Amino acid sequence: MESGRATLLKEQQLKDQFDNLEKHTQSGIEFVERYSKFVKERSEIEISYAKQIRNLSKKYQPKKNSREDEENKYTSCRAFLSTLNELNDYAGQHEVIAENLTSQIITELSRYLTELKAERKSHFHDGRKAQQQIESSWKQLESSKRRFERDCKEADRAQQYFERMDADINVTKADVEKARQQAQMRHQIAADSKTEYSNYLTKFNQEQNEHYYTLIPNIFQKLQEMEERRIERVGVSMKTYAEVDREVLPIVGKCLDGMTKAAESIEPKTDSKQVVESYKSGFEPPGDVEFEDYGPGQTMKRTVSETSLSNSRGEAKERPGGGKSKGKLWPFIKNKNKSPKQNKEPLSNRFNEFMASKPKMTCLRSLRRGGSGPEDFSHLPPEQRRKKLQAKIDDINKDIQKEMDQKDALTKMKGVYEKNPQMGDPASVDPRLVEMSMNIEKLQSEVQKFEGWLAEVEGRLPSRSDPPRRQSGLYESQHSNSTMVDNNCAQDRESPDGSYTEEQSSETQVKVAIANTPEFDDEFDDGDEETLPTIGTCKAVYSFEGHNEGTISVTEGELLFVIEQDKGDGWTRVRRNEEEEGYVPTSYVEVFLETNAKDS
């Protein structure tokens, strides 16, 4: 009896241990899921951070054909651009972190959790099955024990009944024999029950020993190993979490080193020299002012000196047209309106005449194409004009070299066709060769034209070794008139009577100064935001690289929409898509206008 109670107590304790283990392993699985969720959220943060960094870098990148793009020639602007590029690479490393966290931790833990849950379920299923088996064996033992006890009691009662019948003299011999057989049968049943009980007992003891010393310990061992593997896997994931960050540190360090190097590459003196070179006018400074004697014995009639700054003003008054040359203002002195009757001191007149005239504002269509005035750049100061002409000559020489290379290639191809007619017709190459020869001749004539202008400018520029000399008023007047003639825009020309008063000159200079500021460009661009309708299509016959603001680059054979016809200046306005439009040379495209556009 005590043995049975001890067995029941052990079974209850074992069941409680299984419940505890089930709760503990479930909490371990929940911990892995929580850690996986933590890594996933960290990965999302890295992706969002990288996206914001990339957008920030893109936001401050210089816009194409903008003033910021021109400023990239300064070391400070180039350093900032390098910093933005390094920042973009830095954002890429955070994307690498997010990708590695996802592939090396989140995906692996997700697969491991599926395997862990299946293994845990299998182990607890085996444990419950073993418990059910031992419980079933115990029930069979208890049933055989109760049956053996009942059969023994029945055998004892049958034996006592037989003895009473045998002792009673009034009972017949047949009844006694019947009672004796009944007692023997009960004893036999009790003996069989005893044998069965003994067999069940032996079987239960074996199963019990196997259950407590083999099955259950093995299941517990497997659960322990499973739990240890889970803990070890979490540790490996945490180590990987740190290694993912450590792997990108060298590249992040290189990005930071690149930013430091870019900052150290800033050269203030170089930038200031760039500003000087960009805005150097090349005008010759005036010479010494001659002494004018008004002493006794001298003629009191004032004569204008050949070297006087006001000489140009005097000659301007004597010209038949009656026009006056523009007054040149000192750069830091504002030109105030004066009444016609107020006389200026000679020195102030000289200072005003000394200063170079401001560049004139070009026509609106020229501004929209990114053009900078006349073809010979005569509106610019001499030094700036020389740089522009030299750059133009270099560009045309590059185009000539490109055309010559293509011509050489076609000539070689024609030679191959002549040797191997089956590869192609040599005559098919001739039109293209003729066209290239014409293009080369045209470009060479362009080079000669610009070289002539360049020689003219270089002949006028003073040598640094020469002493400063004073230009005559007649030369200034002629130079001013030639500049006015070269400019083909309406707002650059003189008034019909050909005269400029000093107040008009000052007002013109103020307007030009305002027009040359970035705010003017912005207001001009904002005023032309209305989208023009398409009036036809065109096909690019030649490739064109639009370097100037307002132009657009096209490739040979490209189809575009026409939104404005050629107004007689050799340019056609086209559109590629909703955001890209500009001017291209009319001779570079073949235009197909719509019927209603032709009629209009």
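Every residue, even glycine, has its Cβ placed from backbone N, Cα and C.
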Query raised in the report: Pick from 10-30, 367-387: which range does TrEMBL record as region 'Disordered'?
Result: 367-387
Query raised in the report: What are the helix, strand and coil residue counts for the domain 'REM-1' (379-456) according to DSSP?
Result: 72 helix, 0 strand, 6 coil
Report summary line: Reduced to three DSSP states, the domain 'SH3' (533-594) has 3 helix, 29 strand, 30 coil
